[in-house]
């Protein structure tokens, strides 16, 4: 074949022209074909293919036209909408790869991993930063080696640099060719159906998508059907490129879209971090923001601290005027002042854990709920516990290090006024004090409270402490649960200790019981209610499902008169596991449903045993291919085989306040989505009811639709987790015709869109969803996003859609992103007209 230069197109030409012409050559007896491709403002070399005219037209001509059209697309891509998509597509090195920051780090790793100057294939992934995708990396390595025409299993540093340049280059077409070569192992320029199956299975393994791997034949057939329209049995590079560069259609002509673009631009400018040059003004602004966002907590803490200081001062001054002050001095005033705060705090610490009272107050009184931070009840319980620890320290140190020594070393004349408190016999040593009732009761209380306090810390309660096995058995939730019930003994000892105190003889001066009477009776009354209320009776288990990811869902009958609000939680007791333990779980059914449901993830001994019990029940019925086990009362003849359950509740939680907002932003991590699913179900039920009213099929339904828009973001690590709430996802897609609920599911095991490891999955997802309306990752009608959300973009999206509105942000899950979400809510509230109010779940 010979090449000739082609003249550039004329300036006024508007269309690309492809033409074939037969012309003469140096040898007039030989036929040849010249193919000329003219592109506006570009010049491309042409190729003359020497051969018989019939042969060229039947085969090679077709191939060359495809190649040249591919070249023309390369030139035109820079002017297309897909340009940005192409630039960020098919990246082999992810943004968060540990060594994906430059060649220097890769070279350093090569020096550490190389053996005799060569890097083995097994170390290639570690060297370039693709540590978690060994199979994919091996195929990439072999493809790069094949391109060099060798079959070596190790490479030099020079070869590694060449490979690095290829996989990190800016050219999408070069990366596309590498990806194509990974599949096209015989380098014939064609990908067969079997090779498509291999690359699908490889991509599924790299992204931990086991279900896609199980259905690889179906998905390979789908790709071949889409790309091999002529039924040739193979696809070529240009077919793959066409599919990979498909981008979602976007409407840019509507006024709303134009307005949103303008708002987006405005928000981006407003949200640029700025720093006020005046430090005083900046400090004042930060203080004002702090008070506006935390005023409920501030007034409660201020009141609590003020009461503690007042009680301490009152008792301090009282004892300063007494005779004992002349012998014991300020030691006794500090001891008695701290003792008074201890009485108050030991009474107060019970109130935040009176769950029924708190639930009743936050449900029945909006006024009280608007000024009291009920969401922080457990945090306040911990703050009061810290206050008790400080009080114990001051009280004990003042006695042991100051009071008692001064009393032991007092002269007879000095001790004379103390005889009416201690008797004629003078104390001789510390043992004398310890033998007294107030001595041994005080020490016992301190020991018991210390045990309960230590075992309540998260590193012990959640078995995070690095302890020997023999000691590890003494930690965990069970240890926390039972040690906290030592408070019964502590309160009995506290009353005894207060009654036998040395320096107060009159009964009306022994005030400990006065402080404790109301809180203790209230708490005792609550425990009696839990024991005898209808909600604490046995419930009938209607359905059980065991999902991938160690999640157990229980569907139970709703007790008569049982009323709750979406977002609340209940306590569950299973006597077959432990007759004494009650564990809290968010309700996942909506208040309008005729059943109760919870989803329980196994994270400890109790939940593991509960799942094991119900798994045995679920093994008899038929199972689905995904590993989902189900047992249904409608299919079972003997209900008694279900373990007996008791429930207690419902109890209030932050998520129940969602009805105070027209717009909701719901964020759940993993199993933390449970209270939010209940909210979604409630909004969905309202949509169904509204549709029934509009159709006239049911005129007796209460028309209550407070929520106008709900954005739900659910982030989970495993593909199997997406099955937990697949039913509600499909219902939203079916009934929410007006788009009131916007669902976004994120699977973090899949590499972000644009990564070469997820490119085929993304392509396959689009094809399958377009054809069947089902997402291949979740198995629902809701498309799954990959990697993690950009939370700033999420807040911007909501702010653009809801100008001058209040948005309730409700989060439940791991604490890892609480800080980020809270900062974003504050930032957008301060700099935009959309006000985000952040709420988080406590347990």
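Placed from the backbone N, Cα and C atoms, the Cβ positions cover glycine too.
Swiss-Prot assigns the feature transmembrane segment to one of the listed ranges (298-318, 319-339, 340-360, 361-381), namely 298-318.
Range annotated as transmembrane segment by Swiss-Prot, chosen from 252-272, 273-293, 462-482, 483-503: 483-503. Relative to the membrane, residue 382 and residue 770 are listed by Swiss-Prot as lying on separate sides. In terms of DSSP helix, strand and coil, the topological domain 'Extracellular' (319-383) has 55 helix, 0 strand, 10 coil. Beyond the ends of the transmembrane segment (512-529), by six or more residues, the same chain brings 343-344, 346-348, 350-351, 353-357, 491, 494-495, 497-499 to within a C-beta distance below 8 angstroms of the stretch.
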